[in-house]
Amino acid sequence: MGRGSSYKVRANILSTVVTRIPFVSIRHREVGQNTMKLIILDHYSQASEWAAKYIRNRIIQFHPGPDKYFTLGLPTGSTPLGCYKKLIEYYKNGDLSFKYVKTFNMDEYVGLPREHPESYHSFMWNNFFKHIDIHPENTHILDGNAADLQAECDAFEEKIQAAGGIELFVGGIGPDGHIAFNEPGSSLVSRTRVKTLAMDTILANARFFDGDLAKVPTMALTVGVGTVMDAREVMILITGAHKAFALYKAIEEGVNHMWTVSAFQQHPRTVFVCDEDATLELKVKTVKYFKGLMLVHNKLVDPLYSIKEKETEKSQSSKKPYSD
Amino acid sequence: MRDGKGASRAPVLRFTNCRILRGRRLLREDLWVREGRILDPEKLFFEERLVADQQRDCGGCLLAPGFIDVQINGGFGVDFSQATEDVGSGVALVAQRILSHGVTSFCPTLVTSPPEVYHKVLPQIPVKSGGPHGAGVLGVHLEGPFISREKRGAHPEAYLRSFEANAFHDVLATYGSLDNVRIVTLAPELGRSHEVIRALTARGICVSLGHSVADLQVAEEAVQSGATFITHLFNAMLPFHHRDPGIVGLLTSDRLPPGRHIFYGMISDGIHTNPAALRIAHRAHPQGLVLVTDAVPALGLGNGRHTLGQQEVEVDGLTAYVAGTKTLSGSIAPMDVCIRHFLQATGCSVESALEAASLHPAQLLGLEKLKGTLDFGADADFVMLDDSLHVQATYISGELVWQAEEARQ
């Protein structure tokens, strides 16, 4: 990443590169160019909206169809709620459809009945699936009540393979830096498996179980770090001051199995989307550098595409995606 | 989006853009229906992996469980206590007409009558499911003849009876068959009432206290024997007295069997009960309040003079008088009017008002798993209401059975 070089210079180089290739779409520009982007917005709502716009553009520009599904990895928890709300809004306005989208959730508790209000099945149904036009057969969530848990995990990996791999895996980060339920100490090449939850995670989840630690499940099925690393692109949502230290460990320190999100520094295409509060533990220099790149990064969400505008695709090629 | 397999599979209906009454609250949720029952859409999604076959936009309306009227003596010129050769058509007419009031189930009520009438009429009013033909009949409500002479109200004195001689056998002899009977109103101060109450309760018949001069202790003992309802609270019973609250005292009695509470009917037409009395009862015991119409044959006949059997009745708005007098001649307020008036008089929540006409009567009759609720697995009997609680449409088993003129496009 060359942290020694001035961020201003880098920003200028990038914008020069960009104006020299006026007719190439964003996707083509990215091929062969490994990137780690840190997108910083002022507030949670703006971070959620940016992430939702990014997902929307990615799906629409992929041109999904009956023979070409867009495979999306999805998280649960309070962080992605704002993003889900915006995606639902886009669907309700007719700008986005999930008809040709396949989803794979990251994790699910073991032993919690599927209909329990705190199960991840319930979360996805109430916060996303019931509001959009996705077909149930295109959704995949690990079954924490399967008779053979490891077989369930292996089958999940196979389903991902059968779907052609994940195009974009959206995830969150725990206060202990974990991705999905890959707790500190997890293997960075792990696959989908059964995990015992760390105390930090159980404490963080207690608020969903009436604050009663005894009620929180202690085991979960989770995709591995390796599973998410296989995705063609990864987007991590990190908001709130309580996640700031984990973000610091993920971005400014090395790749470390004690902070499993740091593994994505070695992923060819990662986007971290966060709000101001989540950057509280980062160096001022880092924050300024990435904020300076927002002009460029915002081109990923502007123009914002819509399925309503079929003509946009045709006129796109005559329109420069980036202004001078 | 249709699932390829099983084209003969029952269609799934999704009512969307609505608020539903569920779990005692109004939620912004869709209502899913299949094969006449309310469906759990999450289960449909994750287990059966299906989506809805048809969607209906409710235009932002409120969906409440269909109303249940457990005390209605007739309407539209029909008198259930009249022994004709074709009682069935009369019941069917009323059943069809009350759909526009949002009532999806009811208990045709017979007032004190001679045994011949019961023997002739009761077999003609079988329990019947509702549908496009009309609201469902849950069973008959027999109000009398085992009631107090003093508090008989408009019931004919000549036909009052007691069961002192042979207790339950007297009851059977009077009514004939109890097959179609759901509720019996009696006065607990009558001798051997406990035997009768126990025998009726053992047969699954709901016993209600009414038209009685019982004091609180007698009333409490009746409840301990199995009585669960009070017929039109305040009317035809001793008034509340601070040293002997009478039947009214059951609302706050501490002598009821553990885990049980009393239900009580109230006529909330703005005429038969003073709003202050309505509020006192509601505040003392909101969970037990059951809205009833206690409607008489003049219901729905419109303003003017009508001849009903031996009576001349003058209808003026929501009031029915004995013609040429100022004497009230029974209630004629439809159920939805009662609900709106109840809401306005008590200042209670919309949820409470709707539950008083649906959930509570269902609980009284032990039907709350299937009726009076929009929980998963319940019968899809519901009403579509606008924000001021006017009925826009009525559904029974998920089928549209009545629709307001403006709603018809």
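Note that Cβ sites are derived from N, Cα and C of the backbone, with glycine treated the same way.
Curation plays no part in TrEMBL annotations; they are all automatic predictions.
Pulled from TrEMBL, these are the features on record:
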type	residues	note
DOMAIN	B:63-401	domain 'Amidohydrolase-related'
BINDING	B:GLU143, B:HIS211, B:HIS232	Zn(2+) binding site
BINDING	B:ALA154, B:ASN235, B:ALA236, B:ARG243, B:HIS272, B:LEU328, B:SER329, B:GLY330	substrate binding site
ACT_SITE	B:ASP294	active site, proton donor/acceptor
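Considering other CB atoms within 10 Å as the measure, the emptiest surroundings among the binding-site residues B:HIS211, B:HIS232, B:ARG243, B:HIS272 are those of B:ARG243. Within the same chain, residues at least six positions away from B:ALA154 (substrate binding site) with a Cβ under 8 Å of its Cβ are B:VAL111, B:GLY330. Around the Cβ of the residue listed as 'active site, proton donor/acceptor', the same chain contributes B:GLN71, B:ILE72, B:ASN73, B:THR109, B:HIS232, B:GLY265, B:ILE267, B:HIS272, B:GLY330, B:SER331, each under 8 angstroms and 6 or more positions distant in sequence. In the predicted model, the domain 'Amidohydrolase-related' (B:63-401) has a mean pLDDT of 94. Within 10 Å of its Cβ, the residue among the binding-site residues B:ASN235, B:SER329 with the fewest other Cβ atoms is B:ASN235.
B:SER329 (substrate binding site) sits 17 Å from B:HIS211 (Zn(2+) binding site), taking the CA atoms of both as reference points. Cα-Cα distances to B:HIS211 (Zn(2+) binding site) place B:ASN235, B:ALA236 within 10 Å, out of the binding-site residues B:ASN235, B:ALA236, B:ARG243. Sequence-distant contacts (6 or more apart, same chain, Cβ under 8 Å) of B:GLU143 (Zn(2+) binding site) comprise B:GLN71, B:THR109, B:LEU110, B:VAL111, B:THR112, B:HIS155, B:THR185, B:GLY210, B:HIS211, B:THR231. Non-local contacts of B:LEU328 (substrate binding site) by the CB criterion (under 8 A, 6+ apart in sequence, same chain) comprise B:ILE271, B:HIS272, B:THR319, B:ALA320, B:TYR321, B:VAL322.
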